[in-house]
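One structure below.
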Amino acid sequence: MLQLRDSVDSAGTSPTALLAAGEEVGPGSGGGGGGGGRPGVGTPLRQTLWPLSVHDPTRRARVKEYFVFRPGTIEQAVEEIRVVVRPVEDGDIQGVWLLTEVDHWNNEKERLVLITDQALLICKYDFISLQCQQVVRVALNAVDTISYGEFQFPPKSLNKREGFGIRIQWDKQSRPSFISRWNPWSTSVPYTTFIEHPMAGVDEKTASLCQLDGFKALLIQAVKKAQKESPLPGQEGGVLVLECPLLIETYVGLMSFINNEAKLGYSMTRGKIGF
């Protein structure tokens, strides 16, 4: 997480808002451990050449394929996306994370996520052209449920995922319709799901930026504070925090399989080209 304190003027009142790119929003590995000592008698010298801090050299090498981890890229991106914040409506920025959004069709998408005093901002950012292309704004006082747990799929699903995620749900009176659930391009689904970035923990400089636990802790704190200061009708009980399976209703999952295997939701090099 990056801690920021900055803001820019603008206006808006929708609990959830989708902004397209260009829309006006207002003015303006070293060694370590025992491997670092001198080799003992009869010990092959080459054993001391492997730094113990590198548990997965292949994964560490792959981090270079992601544009976001190139020197100065994440710093520039964070600096630029501050302009999407509406100080009157959103308040100050509390933190920024680099996470992976998993949509209702199990597609992975690289996202910059901001938590402000009053809003959750989900930014689609192109780390190649260094442009913010889209922003989804969710009012924190509209969040009714935050769930954390392992992913769950229908028994006969052909494309499942392992691991843990966090799901943020809002507008409990408007659960996804049948059409929204089965439309892979729907933007009206009233929840979002995040997992850690696939390269989380590889780059020590950005490790805290990708931590899901830190994001969850600050999100819960920010939602409770926003609901206490600006409660909505029907939210008297506060946000519901659950530890439970996160259901993704995909069966064949061919589209998400292709998307996730090829990492199409990430800005990264692909052979001699990058997209």
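Every residue number used here counts from 1 along the chain in the order it is shown.
Cβ atoms here come from the backbone N, Cα and C positions, even for glycine.
According to Swiss-Prot, the feature compositional bias 'Gly residues' maps to 25-40.
Annotation comment: Swiss-Prot describes 68-240 as domain 'hSac2', evidence class sequence analysis.
Residues or ranges marked as phosphoserine in Swiss-Prot: Ser10 (among others).
The phosphoserine annotation in Swiss-Prot covers Ser14 (among others), and the record cites similarity to another entry as its basis.
Sequence annotations record features per position, and here Swiss-Prot assigns phosphothreonine to Thr43 based on similarity to another entry.
Look at Swiss-Prot and you will find 21-42 tagged as region 'Disordered'.
Across the residues of the region 'Important for homomultimer formation' (189-275), the predicted structure has a mean pLDDT of 87. The region 'Important for homomultimer formation' feature in Swiss-Prot is assigned to 189-275.
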Secondary structure composition of the region 'Important for homomultimer formation' (189-275) [DSSP: H/G/I, E/B, coil]: 33 helix, 17 strand, 37 coil
